[in-house]
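Colleague: For reference, TrEMBL lists these features for the protein:
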type	residues	note
DOMAIN	27-165	domain 'Heparan-alpha-glucosaminide N-acetyltransferase catalytic'
DOMAIN	314-405	domain 'DUF418'
REGION	1-27	region 'Disordered'
TRANSMEM	33-56	transmembrane segment
TRANSMEM	76-98	transmembrane segment
TRANSMEM	110-127	transmembrane segment
TRANSMEM	133-149	transmembrane segment
TRANSMEM	156-175	transmembrane segment
TRANSMEM	223-239	transmembrane segment
TRANSMEM	251-272	transmembrane segment
TRANSMEM	302-324	transmembrane segment
TRANSMEM	336-353	transmembrane segment
TRANSMEM	365-387	transmembrane segment
Amino acid sequence: MNHPVDVPHDAPPGAQPTVSSRPPRGRLPGLDAVRALAIVGMVYMHVSPTGWLGPAPMPDKPGVLDWVEHTVSGRSMSLFVLMAGISVALMTGGPAPFGGDRLATARKRLAVRAVMLFLISLCVDQLSGMNLSILEFYAVWLLLLIPLVRLRPGTLLAAAGVLGAALPVFCFIVLNHGRDWAISPMNSAGAEQAFGLAVLLNPQDWLAKVHQLLLGGGFQTPYAIPLLLAGLAIGRLDLRSRAVRAKMAGCGALLVAVSWLVSWVALVPLGAERALADMMKSAGGPMVQPWASVLTLPPHQLYALSIPMAPMMVGVGLLLLAGFLTLLQRPGWQRALLPLTAAGSLSLTWYAAHQVVIERTAGDPPYAFTLFAGMVVFAFVFSPLWLRWIQRGPLEWLVHRVTVMVARDQATARHKAT
């Protein structure tokens, strides 16, 4: 890949352009590879194919497709959230956190980026007819992380651990005993809530929008907080160090193993599997989740109500990061995995585009696997060609230009003034 002039979007403010046939020094292609996997998983979830060459009725859905959907359900989004925390860490200095003017500039740019992502998400909602794109949540998560960028990795990991145990219990209590409050649209006018760009012109819906972003989407924000904190801590590590990567792989494997063990103990010895089966068979009235179910992993439990889910996904993320960061140090693997890393560097563009394509051109569901495969192949083929001539994706370029224009680097501005 030949970037004529490239400044990585994860690079710190003030980074200078580089000219190279390899990924620039400020960019870690392993991160792009993991981002691409997260996007591919979310595309699969949104397509939810029921047949190979053509859509099939749900009862006739091939077992392989059903297994893949259950496997990536919630997990691809979790990986995306973890990468968001890592990106925030890198944009605020990585292993050497900014201070002074550089930190102030980085925080302003995060805030501007959040506003831009929210507006882009509203545009995507408007074009696709959908509501509550993950980009809206992403914008909120960026704002939540701004005050936390100076915390030490140990503090972040401790907070992630405590909240990773407490927030699923909170969601469990709300789902079982505060369901009406949790899903209430909170629209004072009592009318259908506006979506897309119309939200900006309907202030009576703003409180409902805030409520949705904090508790809606299956408790996405409470579930995301531990992953964001863990990602912020991971981004403070020296990701170029082989020793650090080895420790990441070891910790990742341990987290995955312990999470699966906890889930198995809850399902079998503690009887959560039997209790969940009895709950599903019960007729009439709201279903009350058994307490032991908070210790189980999906599909036995909603991911936001699962205590071991976030640690497991942190472990999966650590394993993937350690593997790809190590693999993509080698030029041969950089060339071989170029379609994957290039697509990952255009993740915002591809995420927004696939939602519009599905809703505007694919017709009504169900969909076939060929739709998913076609979008992924197109992204993998087009991304390297695009990046050969233009350093950022269309939406990435827009966000970058507005961010740099609104939140100018203070040190550079003072230098020019003198």
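Every residue gets a Cβ built from N, Cα and C, even glycine.
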Colleague: Across the domain 'DUF418' (314-405), what is the average pLDDT of the model, as a whole number?
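Modeller: It averages 96.
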Colleague: State the residues, same chain only, that lie 6 or more residues beyond the ends of the transmembrane segment (251-272) and have a CB under 8 A from a CB inside it; answer 'none' if no residue qualifies.
Modeller: 290, 292-293, 295-297, 300, 306-309, 311-312, 314-319, 322
Colleague: Short question: most Cβ pairs under 8 Å with the transmembrane segment (223-239), which of 110-127, 156-175, 302-324?
Modeller: 156-175
Colleague: For a three-state summary based on DSSP, what are the helix, strand and coil counts in the domain 'Heparan-alpha-glucosaminide N-acetyltransferase catalytic' (27-165)?
Modeller: 106 helix, 1 strand, 32 coil
Colleague: Per DSSP, what is the residue tally for the domain 'DUF418' (314-405) in helix, strand and coil?
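Modeller: Taking each residue of the domain 'DUF418' (314-405) in turn, the totals are 76 helix, 1 strand, 15 coil.
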Colleague: Under a criterion of three or more Cβ pairs within a distance under 8 Å and sequence separation of at least 6, are the transmembrane segment (76-98) and the transmembrane segment (365-387) in contact?
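Modeller: As far as Cβ distances go (cut-off 8 Å, pairs 6 or more apart), the transmembrane segment (76-98) and the transmembrane segment (365-387) do not touch.
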Colleague: Under 8 angstroms for C-beta pairs, at least 3 of them, ignoring pairs fewer than 6 apart in sequence. Is the transmembrane segment (365-387) in contact with the transmembrane segment (156-175) by that rule?
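Modeller: Checked: the transmembrane segment (365-387) vs the transmembrane segment (156-175), no contact.
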